[in-house]
């Protein structure tokens, strides 16, 4: 048994080691010939600068008495109406060329990193749902009585586990996507779900097989059929046991979602790459991206721990 | 349909096993021409050394174990017939296991309620009523909300018996119900079983409890090496001078 004092000593020692590590990283950052500009990052996360409203054609600016701005084009089109703005740049009667700033609007909007984060969360969440569906289906097929089912599930698992995700994304996007006319987001979700589904299938199979054979016998000898026994007796126990490995797999899914940037989905990683070329602050950007991934995976892992705790009442 | 089993009483036997053979895929010949009739309300105790096939035979009676040849009729229904709905048969044959096999994710009450609700499509209040009555009957009125891990072995086995009874079976099969129990808990389970026997439940019991056999059984069966060696009333059985039985009893008593 661990004593109270030795536990506190351990915590203290841990803090000291972490402090040394962090300050090491900090001083290393100071020592290199790199000027840190964390403040440059903000506009790429949340942009509070006023936005320019630009003219879409050449023409003449008209400001009526109510303060509404419109641009009368030189050649016959409908006028460009600007209903909402905060400051006027063009004055009544000004000659306007396409691309000129005619007004500004205040407020804030999400920068590319925040938008990339949202895409990552969205693609991971949708893929997770499909991965679980595929995984449970193929996991059940792996333990089914019919040899056909077992062979099919085995083939799926082996083929998907045996090939790199990057290659699968390319195949899904360029081949399957062409055949079924899928957009890049759908292709990305499909590739990620199919990939993760294979691992979930193995986890589900292991979970089912970890439930003792006596449980199935007890359920069947009470008159339940195979499906009922699976649904009410085996799976509830299996799911509880598969939660820890499933959490790991879901975290992998979130991280693997960074690979979909190769088919031009602007997820967190691709947004990071784009922001680096715009902000000239690569170190800050990649640290930020890493922390954001950590927040998402950490949140998920916390959620599953809560679920585990709730399911452990019968232990 | 020709009935191959000779009728001994006026009432047809509830279980009619005729020349049952079981060969496992690994070639082990576990049951050799085992025939046994069980009358309604009868308690049949099967004893024998481990590996004698007594558990295997018991498990063929609700088809947890398939048979290689022979016939088993349960209340005139042929279990080996492909058209028999085995789930329907199993509703009427309760089984109590050596390892209890309670559902660990359900409370004692939940364990007893599950099958009546899912299989017999009872409503929740109906199932709860039956379950409460049964758990009362096995003396666990104060343990209904407990999960199996919070129950002693003896209590778990009594819940398992209540769970089987909830399906209102015609026969109860007991597969060494007290073998996994600490000695001080054997009594409480045997008491429940004796109570059931008194109430006229048809029971087939595989056990090593000679006292139970002597006291409760209508017939005692001795199996060895896959064969049914001897089938007698308890008085005659325990005074039999059959050499193989003598050798076995010499080892256990």
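Each residue, glycine too, has its Cβ placed from N, Cα and C.
Heads up, TrEMBL stuff is auto-annotated, nobody curated it.
Note on TrEMBL: of A:117-141, A:192-216, A:217-241, the range annotated with the feature transmembrane segment is A:117-141.
It is A:285-304, from the ranges A:265-284, A:285-304, that TrEMBL records as transmembrane segment. As stated in TrEMBL, the feature transmembrane segment covers range A:153-176 out of the listed A:81-104, A:153-176.
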